[in-house]
């Protein structure tokens, strides 16, 4: 990887506000990502391919797909977020910019939050945008698609935030990819259950308010707690070397 | 007051204490567990609804109970590891994680054996069963992460972070039978309420749980001692002890 592709994190003086530092980290991550567009595209392609496996592999029947479609999309979204997590810290770890990030005077957990937000903008959000198209392909009805998009919109940031903890813990380990999945999938299961539960309730014509509120509670919990755990894990992984 | 707390951090001190405790834990655990299980399996009255098949409760409940409390103990030890960097806490986490994994597996297995005659199925995707399955995965993750990191100190702290993150699952398991309308029956034992079963069934059940706790204590001690010996193999006291044992 040539050096000019990855602008270095400039040392920010202590006088710079925390918010400005978060914005700088966020902007840098977006810039780096857009200079390597293939990396942006890969999780989306993976998402589409996994979804298309189910009609081909299980059954193309409309009744089956209507029943299982929301679950298929959720599982595929979960897997593609999982796949993209490796990128969250890996490159910065390899070229040393992560150490610079840890040395910044601003609180590390807020910088991690900014990084995770950038990660979500680059993976989770495009998945949500793609969902209506794939929803039609697995024969979901209009109302279900709307609810599905809503649950993914609330759920994918939770996936990114929890995933950040796993990515930080497995940084620099051998076979980190498989290990990351082992650590993170158990924690993803509740989000998946409530995400698909919301869509199922909507398909039955029940009110989804309570489900959506619960998912929002997951998000609030993840935003407030996960960055602390991820920041602690980053410090541990960096002291490992 | 803090004297014992500092002593507790010393592997050598713990090694001696464990040596003295272990015979009691082993003997007490085996006897109490045997009394509880034999009483429960052979002498306790039949259940009016489930007949004899309910008797697996004397194995199922203790393992499930301990599977969860081992995780809570690990979480407490994880806090100690992160805050006070106490060596023994992290030895404890490392030593008991496989035990917790086995207990969780046993709870799921005996639950399946019990489920077949009562529910007519080995497995059902019910909230309590699913959350126990997640607990099994969490134990697996903890062990896998510990094995993957070579450096002892970073392994201890990374595992501690993971254990603490996984703690969110414990209340979900505990309250799954109350929050959701599940097939799994509500909790048999509650601290705050009068037990819902007759004392002829309750006493052997409590004895089995106590016996298994003591046995777990013994197992934790011996596994921690092994781990300590491996870690402290270069220290003087371990060498002296091993040499004395050889003569």
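Yeah, the Cβs are placed from backbone N, Cα and C, and that goes for glycine too.
TrEMBL labels come from automatic prediction, so no person has curated them.
Quick look at what TrEMBL annotates:
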TRANSMEM  A:40-58  transmembrane segment
TRANSMEM  A:70-89  transmembrane segment
TRANSMEM  A:109-133  transmembrane segment
TRANSMEM  A:145-171  transmembrane segment
TRANSMEM  A:178-202  transmembrane segment
TRANSMEM  A:208-234  transmembrane segment
Recorded stretches the transmembrane segment (A:109-133) and the transmembrane segment (A:40-58) touching, at least 3 CB pairs under 8 Å: yes
Outside the transmembrane segment (A:40-58), six or more residues from its ends: residues with CB under 8 Å to it: 33-34, 64-65, 68, 72-73, 75-77, 79-81, 83-84, 122-123, 126-127, 130, 134, 137-138
For the transmembrane segment (A:208-234), sequence-distant contacts whose Cβ falls under 8 Å of one of its Cβ atoms, 6 or more beyond its ends: 89, 98, 102, 107-110, 112-113, 116, 147, 150-151, 154-155, 157-158, 161-162, 164-165, 167-169, 171, 190-191, 194-195, 197-198, 201-202
Intrachain neighbours beyond the transmembrane segment (A:178-202), with Cβ under 8 angstroms and 6 or more residues off its ends: 70-71, 74-75, 78, 82, 85-86, 143-144, 147-148, 150-152, 155, 158-159, 162-163, 165-167, 169-170, 208, 211-212, 214-215, 218
Cβ contacts under 8 Å made by the transmembrane segment (A:70-89) with residues that lie 6+ beyond its boundaries: 39, 42-44, 46-47, 50-51, 54, 98, 115-116, 119, 122-124, 127, 131, 134-135, 138, 140, 144, 148, 151-152, 155-156, 159-160, 163-164, 166-168, 171, 176-177, 180-181, 184-185, 188, 191-192, 195-196, 199-200, 203, 234
